[in-house]
């Protein structure tokens with residue numbers, strides 16, 4: 001039986017959708033340390049920053065705060081890219097990013113917050129780990145997983161016969177509505193062929 005060899009082109013579209021405003025919710029991350037019969041707590045807002053922010057650097061990420069009351073207190077951060085990409089203002093606890101971040105390269109960073117006495121470098125509270133999450137923007141176009149997809153179909157096949165399957169992927173965050181959704185369209189040969197959202 002002879003076969004009709006198909007060559008047709010497809011276009012892709014990534015559904016751009018606003019993921020909605022991401023509200024910073026206060027998250028209490030507490031470590032209880034007994035020191036001179038005082039209970040102290042780390043307190044900070046959820047740390048997050050959007051990727052590829054197009055405003056002048058540095059970008060404010062969040063704030064680490066301790067309930068320690070000491071005029072000599074100094075905030076320090078350690079961990080992934082601490083004091084390079086991320087820096088903390090030592091008196092206020094404000095954390096800043098000094099580079100534009102790309103979620104597709106790295107989606108989160110784990111750091112450690114410390115508060116010390118600047119006169120003797122002694123810790124005033126137990127260190128506490130925290131994570132800075134990078135929020136996705138819909139900045140990637142979908143791409144086919146291979147350059148050419150070959151398909152064939154017997155002649156006189158009934159309408160609806162499957163010819164081939166194509167696949168494309170999007171590097172954006174699939175958990176954000178619409179950011180990694182891929183749709184397909186036949187741009188040449190549409191009078192003979194159709195394609196659904198599964199490819």
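The backbone N, Cα and C atoms fix where each Cβ goes, and this holds for glycine too.
What TrEMBL records for 1-17 is signal peptide. As annotated by TrEMBL, domain 'Cadherin' applies to 52-144, 145-199.
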Residues in the domain 'Cadherin' (52-144) grouped by DSSP into helix, strand and remaining coil: 0 helix, 44 strand, 49 coil
Residues of the domain 'Cadherin' (145-199) by DSSP state, where helix covers H, G and I: 0 helix, 11 strand, 44 coil
Per-region confidence, the domain 'Cadherin' (145-199) (mean pLDDT, whole number): 86
